[in-house]
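Just below is one structure, and these are the notes that go with it.
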Amino acid sequence: MSWIERIFNKSTIIPTRKIDIPKGIWTKCDNCGQLLYKKELERNLEVCPKCDHHMRIAARVRLFSFLDKGSTSELGSEFEPKDVLKFRDSKRYKDRLISAQKITKEKDALIVMQGTLYGMKIVAASFEFAFIGGSMSSVVGARFVHAVNQALKIKCPLVCFTASGGARMQEALMSLMQMARTSAALANLHERCLPYISVLTNPTMGGVSASLAMLGDLNIAEPKALIGFAGPRIIEQTVREKLPLGFQRSEFLLEKGSIDLIIRRPDLRFKVAGLLAKLTQQPIPKVDYRHCVE
């Protein structure tokens, strides 16, 4: 037997057993493609430790990680969606709701909680993008107005994390009127001199960006978040021009003065607390203590 035959001789190859890795342990970054340990990613609030890409995070997880542990109580859960128009496109709206509720374990696209942030009383709301694209429905509008009313009642600031594709077309005018409804509610908050901070996350588009998302006393965005009314492809097709690089991203909007700050997700809790402390004339937090997600 020649040396080359000895190398490729099957009898010398040691068989190995394939190890089955349980699902849900590893995941890939949407941006850099790096393989990431899921537990580590969750600890980092779904921010890639390799490239700092901000992935989508569940609304409930976001609120639990933002508010003080053990201080949260949910508001507005009694509001539930109804298919009043019996709307149907390629699928019945009723079926879309059932499917979205099954996937997200939520009743609609906005979650509202009351709690404390470094000991300060606060009402916080967060959009669930996985629920029909975080679209604004009559229930979303009702819950947001309820959040504003609760902030007025206990005289505390309101913080809202937006992630939405816009108004929910399946509810037609009932969805569109939520733009005016939420804006009017925020006007009441402004009259009482209570701070409202809007945190725009990827993506914040359509009717949400044209109403409650841009009405904050401070408008903050996460890095590289897509923010606008119509999408960049639609704008390019309409104006028939090539848009600038990074158009509608948070960095572009900050440069043009449309937003006030860009803050990384892991830093939001501490920095928003500092801003609210200044706005409400309370002691500014000194140390950002870490706590586990509930």
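A Cβ is built for glycine as well, from the same backbone N, Cα and C atoms used for every other residue.
Marked as domain 'CoA carboxyltransferase N-terminal' by Swiss-Prot on the basis of sequence analysis: 25-294.
Counting same-chain residues at least six beyond the ends of the zinc finger (29-51), those with a Cβ under 8 angstroms from any Cβ of the stretch are 57, 61-62, 65, 264-266, 293. Summarising the annotation, Swiss-Prot assigns zinc finger to 29-51.
According to Swiss-Prot, the feature Zn(2+) binding site maps to Cys29, Cys32, Cys48, Cys51. Counting only same-chain residues at least 6 apart in sequence, those with a Cβ under 8 Å from the Cβ of Cys51 (Zn(2+) binding site) are Cys29, Asn31, Cys32, Gln34. In the three-state DSSP assignment, the secondary structure recorded for Cys51 (Zn(2+) binding site) is coil.
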Shell list (Zn(2+); ref centroid = CB of Cys29, Cys32, Cys48, Cys51; cutoff 8 A): Asp30, Asn31, Gly33, Gln34, Leu36, Pro49, Lys50, Asp52, His53
Three-state secondary structure, which DSSP defines for Cys32 (Zn(2+) binding site): coil
